[in-house]
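J.: Copying in the features that Swiss-Prot gives for the protein in this structure:
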- 1-20: signal peptide (SIGNAL)
- Cys83-Cys102: disulfide bond (DISULFID)
- Cys92-Cys226: disulfide bond (DISULFID)
- Asn129: N-linked glycosylation site (CARBOHYD)
- Arg256: active site (ACT_SITE)
- Cys322-Cys330: disulfide bond (DISULFID)
Amino acid sequence: MKYSTIFSAAAAVFAGSAAAVGVSGSAEGFAEGVTGGGDATPVYPDTIDELVSYLGDDEARVIVLTKTFDFTDSEGTTTGTGCAPWGTASACQVAIDQDDWCENYEPDAPSISVEYYNAGVLGITVTSNKSLIGEGSSGAIKGKGLRIVSGAENIIIQNIAVTDINPKYVWGGDAITLDDCDLVWIDHVTTARIGRQHYVLGTSADNRVSLTNNYIDGVSDYSATCDGYHYWGIYLDGDADLVTMKGNYIYHTSGRSPKVQDNTLLHCVNNYFYDISGHAFEIGEGGYVLAEGNVFQNVDTVLETYEGAAFTVPSTTAGEVCSTYLGRDCVINGFGSSGTFSEDSTSFLSDFEGKNIASASAYTSVASSVVANAGQGNL
């Protein structure tokens, strides 16, 4: 009887622990309603092969990471000739000659020998109906990114880190790639020391995406600006994309934070942009940006290229126009030792009608809240 009681108690503890494993909270903004793997029984990969298999199969899954999965040297290395468009100083990134990029785009750049890890160049495929979550602060993928592409939908990535993807090399790999996907929520993810983009949404439609509470850490030994500030931050380049960015910490970058173009509607709300040595926004043709309640601190140039349209709520009174389209007023942004961001185009705000819209808080509490809550381990 005693052993039976002990066993029953242990089983109850295990069952309670298993039941507690899952996604925390729910998506806000365009990806509202995403369920990922739903109530599927959690699986705990132990090897990189198991992780790849779980992420890429046809099953609805809740995949829990309890350690670092290091892909760095899992596919060997390639040695070849690249180029150095930004110089040959020790802090400068150099470029892999992917698809003859050096010859086609930087023909005057000096050639240079490159050696990079093959695993980083192409990320792990994530198929539909997946929740990928980290346990505490321990779930990480090193040396390889994630790809949500080719019609994948209903995916949640939460509370993990993606790091150390050929940081010296442009075209060495992206942390998280989306292209031709729908209903994707990426939340409390830390990305650091990446060769190319921390986030890239490709040229096909990426419908209903929410990027929330993420930490884009731009500190790196190598950068295209040769100053330790990573240039390739967030690139939103899809066709008919709907993207919510809320509560993210964009830190120590020098450009593309974000770059928005090609029929992308971005709601950028309550993010903290801090210590950006170059520029934050590029808004190319077809980029439509509503920016409200953000804080820009020590951002030299908030907006560099402006060929699309943006409404940045230049005054409290100006923000009243949003009530017609969002059902509430928009809130002003905050600035400290930063450039200006006072665009007042409202012609595209009607595109928000009928969609799931993230709430907005006053900018005054954003910096402290984002620093405390963004990234892995801060659920």
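Including glycine, each Cβ sits where the backbone N, Cα and C put it.
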J.: Taking Cα atoms as reference points, which of the recorded positions Cys83, Cys92, Cys102, Asn129, Cys226 is nearest to Cys330 (disulfide bond)?
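T.: Checking each of Cys83, Cys92, Cys102, Asn129, Cys226 against Cys330 (disulfide bond), the shortest Cα distance is to Asn129.
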J.: What whole-number Å value do you get for the CA-CA distance of Arg256 (active site) and Cys226 (disulfide bond)?
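T.: Distance between the two Cα atoms comes out at 16 Å.
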J.: Using the alpha carbons only, what distance in Å do you get between Cys226 (disulfide bond) and Cys102 (disulfide bond) once rounded?
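T.: Here the two Cα atoms are 18 Å apart.
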J.: Looking at Cβ-Cβ distances, which residues of the chain lie under 8 angstroms from Cys83 (disulfide bond) while being 6 or more apart from it?
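T.: Within the chain, Cys83 (disulfide bond) has Cβ neighbours under 8 Å at Val94, Ala95, Asp97, Cys102, Glu106, Ala109, Pro110, Ser111, Ile112.
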J.: On a count of neighbouring CB atoms within 10 A, which of the disulfide-bonded residues Cys92, Cys226, Cys322 is highest?
T.: Cys322
J.: Please report the distance from the Cα of Cys92 (disulfide bond) to the Cα of Asn129 (N-linked glycosylation site), rounded to the nearest angstrom.
T.: 40
J.: Counting every protein chain present, what is the number of Cβ atoms, excluding its own, within 10 Å of the Cβ of Cys102 (disulfide bond)?
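T.: I count 24 other Cβ atoms within 10 Å of it.
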J.: I want to check the contact list for the residue listed as 'N-linked glycosylation site': same chain, sequence separation of six or more, C-beta distance under 8 angstroms. What comes out?
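T.: The residue listed as 'N-linked glycosylation site' has long-range Cβ partners Thr35, Gly36, Gly37, Gly38, Glu59, Ala60, Arg61, Glu153, Asn154, Ile155.
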J.: Can you tell me whether DSSP puts Asn129 (N-linked glycosylation site) in helix, strand or coil?
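T.: SS state of Asn129 (N-linked glycosylation site) = coil.
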J.: In three-state terms from DSSP, label the residue listed as 'active site' for me.
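T.: For the residue listed as 'active site' - judged by DSSP and reduced to three states - the answer is coil.
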J.: Give the helix, strand or coil assignment DSSP yields for Cys102 (disulfide bond).
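T.: Its secondary structure by DSSP: helix.
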J.: Which of the three DSSP states, helix, strand or coil, fits Cys322 (disulfide bond)?
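T.: The three-state answer is helix.
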